[in-house]
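One structure, as structure tokens, below. Some questions next.
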Amino acid sequence: WNEVQQMINGTPVYMYQDCSVLSEGDTDHWLRTNWIYRGEAASRIYVELKFTVRDCKSFKGEVVTCKETFNLYYMESEQDVGIQFRRPLFIKLNTVAADRSFTSRDIESGAMQLNTEVCPIGKLSRRGFYLAFQNSGACVAMVSVRVYYKTCPEAVRGLARFPETLAGSEGLTEVPGVCVEYAAEEVGSPPRMHCSTDGEWLVPMGRCLCAVGFEEVDGSCVACQRGFYRHSLETKRCLKCPPNSLSNESGATSCSCNAGFYRAPSEGQNIACTRPPSAPRNVSFSLIGTQLSLWWQPPSDHGGRKDLTYTVFCQRCHFLSCEPCEAGVVFSPSASGLTKPAVDVDGLEAYTNYTFAVEAHNGVSGMGPAPQRTAPALWVAVGHAAPVTVSQFILTQRDDSSLSVSWLAPRQRSRTSVEYEVMFFEKGEEARYTVKHLLEPNVTLTDLQPDTAYLLRVRSITPLGPGPYSPEQEFRTLPPDTGALSGGVIVSIIFGVLLFIGLLLGLLIFQRKQAHRRQARPDYNTSGFDREKVWLKPYVDLQPYDDPSRGVLEFTKELDVSCVTMENVIGEGEFGEVYRGSLRLPGKERIVVAIKTLKPTYSDSQWWNFLREATIMGQFNHPNIVRLEGVVTKRRPMMIITEYMENGALDTFLR
């Protein structure tokens, strides 16, 4: 191998050349590099060779040996061994062949074709190494030798920075990334990439996300500009502030509402700010007796919201002082939470002055320091009470020549006078009727025919005039008294005699058993048996009562209907619908109850059986018997309130 200078493509180039094709001597020629320090570099390196090889066919004359290839060797060592050359220690790496060879004509023209060959060397472990080139009969020139290793360059992917990383000798090398400024790892997915043996980044995994208040721009996190915000990691870009809000600084995570505008607690940062509504307009009313209807127009400004509701306030005024209305004033459908601009008011007191005020509300009402805007108060002066329809007739007493009937008086909380007009006649003799005027809600009709049906109509009369007649109610006088005992009395007597006989027999049997036990067991103490008593409770039926409604009250408790709340229908009974509801007595906890109702179109027999069922239940007090909580007989519909059995009917449950 000789160091020569030669023109290649018009450029003088130094090279090592060996061309022993015409030589008859030793043709095994070696060329070795200096010691190449590897240090901490990668264990996999690459050798790039640029060389020329002459075409064997271009030689003139006799050629002893000619090849167009040479061999590349390497040897690892911990230090420089100087000029020592130990051929056995070198390991063959590759046989290098030329893709293009040159001829003598190329030499004369100076147009040489360079060949390039890259040979990898893997898994180096020592501090340095040597390269060696063996030529055994080729005409070859080594123009350059470049030794290098590969790295994956520093890169930013998915807002994560990956450092320059040495390529491994085999497989992929996992490299963790570091999030760029103002970015953080996605939860459960840290950024990673893999460096290949060729120095390329492959298989990106995980990512970083810009912190709230920042957005991704060209691989970095940039703060949101004024007037923009980013409040969630799920939002990729900064968003413009919603209407009526503003962010005064860059990097905002929210936009503050402008003065006078608010967000409801349940609304997010992406919702526009709104304000309370203005006052309702043009509140009007109509009054018929003590029944009032209010209506108004919606506010001119809804505050930018759709959840508009209304609240009506009522005050009862006397001279110059006003106080909230009593609980007896009823608003329909409600006094608050109204979605329509109208409400009906009932239960007002006659000859009394009232004021009504209407407020509009929405989701942000009450959030600001300003007071709620209310429509101007409406002054209402109530006069006479209007007459109402009379209902709920009760037969209080009867015999063969008279009927005593009462009815529920209209609820009057004022000094308005109410009178009544009663029309009655024999059934089928409507043309021959009699009219009575009364001051109290009851009447006794005398000089009637025995065992005869009579029809009654009643209407109330106030200073505003008479009301409508009630539906006809039929009542029958008793048959004439013949001196014989009635069936109910006879049944009661027989039942009492049988009960007395049963008590005597039971007492005799009990005494005999006690005497027998005392004779058979003389050592036992029997004093305890002397103190024991057998209590039998007789059943009382409604049959002997002329007025069953009064008999019921001896065994049941009349409940205030305001303590009873009917919730939903759970079935259909013999007398009407059955409800699930609640009962809350004063000073006691609320309990769940079942409510049996008597349908409005009941007959006399249904009314009697309904009261009889309540009387039967009221005479029981046992943990295995459904408990009667009470009854409502003075209001309609009539109710029987019992313990609520959550599993329903026993036979259905067992099946």
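Glycine is no exception: its Cβ is also placed from the backbone N, Cα and C atoms.
Look at TrEMBL and you will find Lys596 tagged as ATP binding site. The domain 'Eph LBD' annotation in TrEMBL covers 1-157. The domain 'Fibronectin type-III' annotation in TrEMBL covers 276-383, 386-480. For 564-655, the entry in TrEMBL reads domain 'Protein kinase'. Positions annotated as transmembrane segment by TrEMBL: 484-510.
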Where DSSP helix means H, G or I and strand means E or B, what are the helix, strand and coil counts for the domain 'Protein kinase' (564-655)?
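Output for the domain 'Protein kinase' (564-655) reads 20 helix, 33 strand, 39 coil.
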Can you count the other CB atoms that lie within 10 A of the CB of Lys596 (ATP binding site)?
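By my count, 22.
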Please give the average pLDDT for the domain 'Eph LBD' (1-157) in this predicted model.
85
